[in-house]
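Presented below is the structure to which this report refers.
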Protein chains: 2
Amino acid sequence: MSTESDQQAREQLIDLAAQFYDQFELGEIPHMSVPTRTKTNIEYDEDEKVWVYGDRTSKRSANSVRGARKLLKAVYTIEFLAEQLEEDRSSTLRELYYLSESWDNDEAQFSDQDESNGLIEDLEIVSGVTREDFHMRPEESGATIMGPLHLREQTRRGEREIHCQEDVGEGGYQIPNNPDTIEFLGTDADFILAVETGGMRDRLVENGFDDEYNALIVHLKGQPARATRRITRRLHDELGLPVTVFTDGDPWSYRIYGSVAYGSIKSAHLSEYLATPEAQFIGIQPADIVEYDLPNDPLSDSDINALENELTDPRFQTDYWEEQIELQLEIEKKSEQQALASHGLDFVTDTYLPERLDEMGII
Amino acid sequence: MSTESDQQAREQLIDLAAQFYDQFELGEIPHMSVPTRTKTNIEYDEDEKVWVYGDRTSKRSANSVRGARKLLKAVYTIEFLAEQLEEDRSSTLRELYYLSESWDNDEAQFSDQDESNGLIEDLEIVSGVTREDFHMRPEESGATIMGPLHLREQTRRGEREIHCQEDVGEGGYQIPNNPDTIEFLGTDADFILAVETGGMRDRLVENGFDDEYNALIVHLKGQPARATRRITRRLHDELGLPVTVFTDGDPWSYRIYGSVAYGSIKSAHLSEYLATPEAQFIGIQPADIVEYDLPNDPLSDSDINALENELTDPRFQTDYWEEQIELQLEIEKKSEQQALASHGLDFVTDTYLPERLDEMGII
């Protein structure tokens, strides 16, 4: 029952373990090299337009007891993952941690979940296979989609064909943990509108914004899950849909935009898989707080700190972001997306979004 | 387009406002009485088997500027809600707060969202109409259902008939914000299994537990949203399904069980609408930590504190809970639901749940 991509993932894992055998044969101490995952070791990839790891690596070697134990755990984990793929099963990071208690070698058991999480990330980076392709499910579930999209999802219970307006309730289509089980069959959508809060997502659906503007409304639910970012990237790549991101107007929400557009430092090895560098920010922009006279709150010290950090973050070093962030530091105000309701419940769909989408050249 | 229940909610609201007119005519200072919402003013209702407010009330009266302002805000809010119902629209609590900025009388505007939230709660209690029937959507979205349930949801785009196994992806059916738009068409389910964590929900779905045991798997996503509690109650009442709750084995998770079974002090006026007093706790029980030798963590000081609080909470004063909580204080350990994976990924569906459901007389 396992697919071709499962077979490939399995082979990559077994190749990793085979390296240790080769090293033994050559008389080398077994080791594994992984890129250093720090802010100073990420670089902009001009071709892919995403941030990836640089050349610096750190070495896990069996030349110490601690290092040897790390490699032992890696080998046990590789065996578990290879079996899981063979049997077409899956598990969560937390299950892997607990499952290690059943392994026959006490030294291979994880001492905490940070250790098993870190190891899975190492294996992703070294093998070039994503966690989802190892059949490791995220703990956090993806969000929902509402809009003119027709898709086929391969489930364990067979195929399901779903239209994300006609075949779903008001709650929308629930994105599965691994959206690569989805095939897009067709769409009438002109663009994607990824929305931070549930309240705003519901407003747009109630006002029929997806219908009137042929928009796919993707709910981000705060900092988006991997599944949400992955399906956004695929919708952009495969259907050619522009991606717009609509959040609150504060530095924490700009990070939500950043995680859709650029990915995070922790997962720079996944940028090509999860990030959509062409994603554009709709708002709430600091300029909107002024222009639309939105109800607002003063910036706190930690807001100011976060904005200043963003100014030095390579991913935010564009004219657009420098201008907006500097304006915000000047006006010392932030606003939420639902603050648009101060002009009436339809202001966001009748005025704000159409104006912004027009300015951005999307409609 | 507004329904009969919308008309009733509207009339209840207008009756509230009419009371003030009556009071004026009688030469009384306008006022409104609401039950005191504290732990000492909740009582057990033997008939309904839920906790409700007692007889103590506090009075909002226009005999002070502060009191008069409160009633003014109430009147503006009643007018907004009555219009919203007339037009068959809806809004969120946060939108109401922002919307008040557009009201012509500055004195009627809310100074913060706690104030508008509190007023809506007062109106719910005094009118006997739930927030959902005012068409106030919760900010938090409901979770998902997977299992043999066939339903019809009334959406703004027409009716949708959905089978919660055959017509949904692996993510399941997304519960809408107001589950009273749902009509149950039929079910092959024998019971409901409400599950705290996403990781465990996915494990049960992957292992086909809903199929094999005719279970409706309701994902609670931590502390459950009102929509999730409401649909659970309705599934119990209308389809006669026993409700079981499966959480981590710690005091915070017992509160999740409590909110499904008894409701919260803050929303005791909604207990009859949201709570399912017959809901039973499956586990993780402190006794399970011992019996199944589960990986565990020591109780922290705040865990011990929370357990001791539960011992004095009237809602936990049953033989069952006293025994379990005292055992936990004795063993000083807690375990997560996914700790069952230490016995293998299928232990939960092949052994643990069948044993517990059998003990509880559900299967």
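Cβ coordinates come from backbone N, Cα and C, glycine included.
Features reported for this protein in TrEMBL:
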type	residues	note
DOMAIN	A:69-135	domain 'Spo11/DNA topoisomerase VI subunit A N-terminal'
ACT_SITE	A:Tyr98	active site, O-(5'-phospho-DNA)-tyrosine intermediate
DOMAIN	A:139-187	domain 'Type II DNA topoisomerase VI subunit A all-beta'
DOMAIN	A:191-357	domain 'Topoisomerase 6 subunit A/Spo11 TOPRIM'
BINDING	A:Glu196, A:Asp248	Mg(2+) binding site
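On the backbone, the CA of A:Glu196 (Mg(2+) binding site) and the CA of A:Tyr98 (active site, O-(5'-phospho-DNA)-tyrosine intermediate) stand 33 Å apart. Taking the Cα atom of each, A:Asp248 (Mg(2+) binding site) and A:Tyr98 (active site, O-(5'-phospho-DNA)-tyrosine intermediate) are about 38 angstrom apart. Annotation for the binding-site residues A:Glu196, A:Asp248: lowest Cβ count within 10 Å of the residue's own Cβ, A:Asp248. Annotation for A:Tyr98 (active site, O-(5'-phospho-DNA)-tyrosine intermediate): no spatial neighbours, criterion Cβ-Cβ under 8 Å with sequence separation of six or more. DSSP assigns A:Tyr98 (active site, O-(5'-phospho-DNA)-tyrosine intermediate) to a helix in the three-state reduction. Chain B comes within the C-beta cut-off of under 8 angstroms for the following of the recorded positions A:Tyr98, A:Glu196, A:Asp248: A:Tyr98. Mean model confidence of the domain 'Type II DNA topoisomerase VI subunit A all-beta' (A:139-187) amounts to 93 (pLDDT, 0 to 100 scale). Across the domain 'Type II DNA topoisomerase VI subunit A all-beta' (A:139-187), DSSP assigns 3 helix, 24 strand, 22 coil. Mapped onto three states, the DSSP output places A:Asp248 (Mg(2+) binding site) in coil.
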